[in-house]
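Colleague: I have a structure I would like to understand better, so I am pasting it below and will then ask my questions one at a time.
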Amino acid sequence: MHISELTHPNELKGLSIRELEEVSRQIREKHLQTVATSGGHLGPGLGVVELTVALYSTLDLDKDRVIWDVGHQAYPHKMLTGRYHDFHTLRQKDGVAGYLKRSESRFDHFGAGHASTSISAGLGMALARDAKGEDFKVVSIIGDGALTGGMALEAINHAGHLPHTRLMVILNDNEMSISPNVGAISRYLNKVRLSSPMQFLTDNLEEQIKHLPFVGDSLTPEMERVKEGMKRLVVPKVGAVIEELGFKYFGPIDGHSLQELIDTFKQAEKVPGPVFVHVSTTKGKGYDLAEKDQVGYHAQSPFNLSTGKAYPSSKPKPPSYSKVFAHTLTTLAKENPNIVGITAAMATGTGLDKLQAKLPKQYVDVGIAEQHAVTLAAGMACEGIRPVVAIYSTFLQRGYDQIIHDVCIQKLPVFFCLDRAGIVGADGPTHQGMYDIAYLRCIPNLVLMAPKDEAELQQMLVTGVNYTGGAIAMRYPRGNGIGVPLMEEGWEPLEIGKAEILRSGDDVLLLGYGSMVYPALQTAELLHEHGIEATVVNARFVKPLDTELILPLAERIGKVVTMEEGCLMGGFGSAVAEALMDNNVLVPLKRLGVPDILVDHATPEQSTVDLGLTPAQMAQNIMASLFKTETESVVAPGVS
């Protein structure tokens, strides 16, 4: 049968192994075609096709709960649960989300986007089930990368003390997270894979048995059964650690053998308490290029399936903020051996893989452990090291207590570099970098800045690594820079808390922060076309705010507009409003940014329009609200 004919995942139950293999092939084909066309996560989902099909053929999906950790590997799940025909809309505005969303499907039992949450959520559902006297299975599927997160280990520790609570944890062990895994847990799993008995079983056993006199040829057809039996004899303690924690352990099993998976899941489902199924998979399975380069093909922009290469841009683009950050930090680190870059399993995304390649002794990857990364940096700062924590804005949320308790209370000079701040696009609400201004500016002993372009990012990097007055943070957006000239050396640090005037006018004061400075300048051009002259200020710092510059300008001009790519509640505009009120400068103020909503998946350009943050929209808003000018549209050549 064809997967498009499936009307419910429970229909997998009646299919033969051969039919399930055909369904798996079709899922993998659709997965590849869709990601190649529209972009998305490639390797994770390809690695769990058979796992998903086998598991769903043993469950009753009308009542059983399946929780996928992170969710980027759940594309096969989406295709099997009613979204096959819409899958071509993956990660597009109003289309299928790239992660799990409870609002999208009744089969998405728990939304996610960040790692290490599935076991906690699954255990919560299992305890609620038992408290209500209900009967359904709960399965949490977690990767070996996410298993390095402390939250996952906390949940395992808890579940292991509940011997009568039925919960199945499936470890999708593909030796990878996004970048190669680090830490003792990863090392233990690798030790299991690479142990002499396991290597003998996987590499040599069949050849040795073939050469046995008289019986070798007759045993060859039963080779898989022989391997399985001997595996259980020679590696009986593979799951010793897990069983000591209170789980019944199964594995490691072949994550691409439907029969072995189904047989194991059926046995595991009979266990009356917590059970742990260790499944070995290959990330990118079925697409040779992705199997060979599991980091490079973790996630892809649209690409040519034959060559594996992304489609070339119609015109050259400036380097991304991440690339400029990585290049500049590496240059600074060469000059100062006390600079150390720290990442939480995002070396490639943040650009710190460049630092690792050039200066490995000045690079630390802690795994998916943001809390640990922050306090590790605090400890380093105590000893005179200049730690630079490169982290996505959305992930720094996970280390919030550590920022306050371990860094700022002790006034330690830790430098936080927040990549993907602001609108991130197709990854959706779990990854939007909207909240960092609000959650950081309220903390004492912390400076918060944002560059208007990639050249100013270089200056702020120098500022950050030389700042000793406490913690300092820099937020910068996803994507390419503006295209301004860059310096290779000789960067000068900025004066803390000092803004700059970029344009002068007497009618309205436009205060742009970070990525909104250039849109502020474009907005000023549009206002000029309508006879309104604006002063444009690049704020640079939201904390400390340059009140010496801003307050006199606001008082003289009499109308103020703030522009930010972040949430309005507690954000840059709020900081300006507080400063105006505290100093009794009572002038009209218009704050432009992200209102109290979740920004769903779409392209950054689409989200910008939806939020009313294009220069044309902002100019129209300003004229309507501050100048009471009625106009249907504001258009200027080359400005949207």
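From the backbone N, Cα and C atoms, a Cβ is placed for every residue, glycine too.
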Colleague: Swiss-Prot records G113, H114, A115, G145, A146, N174, Y287, E370 as thiamine diphosphate-binding residues. Which of H72, H77, H327 is assigned to the same site?
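Modeller: Within the candidate list, Swiss-Prot flags H72.
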Colleague: Roughly how many angstrom lie between the C-alpha atoms of E370 (thiamine diphosphate binding site) and D144 (Mg(2+) binding site)?
Modeller: 16
Colleague: Sequence gap of 6 or more, Cβ distance under 8 Å: name the residues on the same chain that satisfy this around H114 (thiamine diphosphate binding site), in order along the sequence.
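Modeller: The answer is V70, T394, F395, R398, T430.
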Colleague: Within 10 angstroms of the C-beta of G145 (thiamine diphosphate binding site), what count of other C-beta atoms is obtained when all protein chains are considered?
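Modeller: Its Cβ has 29 other Cβ atoms within 10 Å.
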Colleague: So if I draw a 10 Å sphere around the Cβ of E370 (thiamine diphosphate binding site), how many other Cβ atoms end up inside it?
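Modeller: A 10 Å sphere around the Cβ of E370 (thiamine diphosphate binding site) contains 27 other Cβ atoms.
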Colleague: Please give the thiamine diphosphate site's span as the largest CA-CA distance among H72, G113, H114, A115, G145, A146, N174, Y287, E370, to the nearest whole angstrom.
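Modeller: Output for thiamine diphosphate binders H72, G113, H114, A115, G145, A146, N174, Y287, E370: max Cα distance 32 Å.
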Colleague: Where does E370 (thiamine diphosphate binding site) sit in DSSP terms: helix, strand, or coil?
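Modeller: Looking at the DSSP assignment, E370 (thiamine diphosphate binding site) belongs to a helix.
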Colleague: Tally every other Cβ atom lying within 10 Å of the Cβ atom of N174 (thiamine diphosphate binding site).
Modeller: 24
